[in-house]
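Noted in TrEMBL for the protein shown:
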ACT_SITE  65  active site, proton acceptor
BINDING   192, 242, 250  Ca(2+) 2 binding site
DISULFID  34-113  disulfide bond
DISULFID  67-72  disulfide bond
DISULFID  119-320  disulfide bond
DISULFID  198-229  disulfide bond
SITE      61  site 'Transition state stabilizer'
């Protein structure tokens, strides 16, 4: 499986360049020190997704969860130690997957260019390539991130956007990362890929206070979900976030949301804000797929620039799960 080469609008390249200028990141950062870096990541990712197409969503989610805590510094990849509970062991991160794939790609890069390419850049490139391999858009990735030395489960629990969040809460969290309301509704479109465990949405099916199904959830869809999720604590079953299309990056997620079939409360909430509702309904028509792909690319470039370490900050880890 080869990643398709797509022509990018000039605006995307300009955005990537301006974003890079702010963070001291560069397009082609490794052109002299590890010229085949992006090719190595691309080729290894093609093998990973060919063998396990369902990993595209989890790898994209890893990048999201990394960038929202301490910025895009690969802190989500660090293992807990005797004296520290790391981000990956925070409750919202318990269901994260794809760590082995990141180590696999990093090992290939270490063999070619020891100590050069950061885990933060590896994860950023892998998330972009995961989207492309799932038939989504390509965007340029400015590189030069360094790896963080701190990883805190407490910070992850406090800073990650919750699946139960309404738009005012989510907008506040996004704003703290320099992302706006449009980024919120656009990046929610990442829910076109992947699956979720019951505890992240089962409170919509089994309300412990009222005993009623969440009225913002389509009742027929709720009945189907209840067949899979037997209780709020059912951790065995997975549900597709974009039923029928969870391995393909497309706009069907927005069509599900308009039919009140978004899996999370945060998906349903997009219909209760005028700005986000307008965007959801526009993209759901299926007439503006190209616009959504451009918007998603722009928002991913912005998110990939959040809180990055550059220059002499941080380190370049040899293995992504442990400090040097």
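Please read every residue number as a count from 1 along the shown chain.
Each residue, glycine too, has its Cβ placed from N, Cα and C.
Just so you know, TrEMBL annotations never went through curation; they're auto-generated.
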(request) Could you tally the C-beta atoms, other than its own, that fall within 10 angstroms of the C-beta of residue 119 (disulfide bond)? (result) 30
(request) Select the closest residue to residue 119 (disulfide bond) from the following recorded positions, measuring between CA atoms: 34, 198, 250. (result) 34
(request) Among the disulfide-bonded residues listed here (34, 113, 198, 229), identify the one with the smallest other-Cβ count within 10 Å. (result) 113
(request) List the Cα distance (Å, whole number) between residue 72 (disulfide bond) and residue 250 (Ca(2+) 2 binding site). (result) 25
(message) By the count of other Cβ atoms within 10 Å, pick out the sparsest of the binding-site residues 242, 250.
(response) 250
(message) Using other CB atoms within 10 angstroms as the count, which residue among the disulfide-bonded residues 67, 72, 320 scores least?
(response) 320
(request) Check the Cα-Cα distances from residue 250 (Ca(2+) 2 binding site) to the recorded positions 34, 61, 67, 113, 198 and tell me which is shortest. (result) 61
(message) Cβ within 8 angstroms of the Cβ centroid of 192, 242, 250: which residues besides those meet this for the Ca(2+) 2 site?
(response) 189, 191, 193, 245, 246, 248, 249, 251, 252, 253
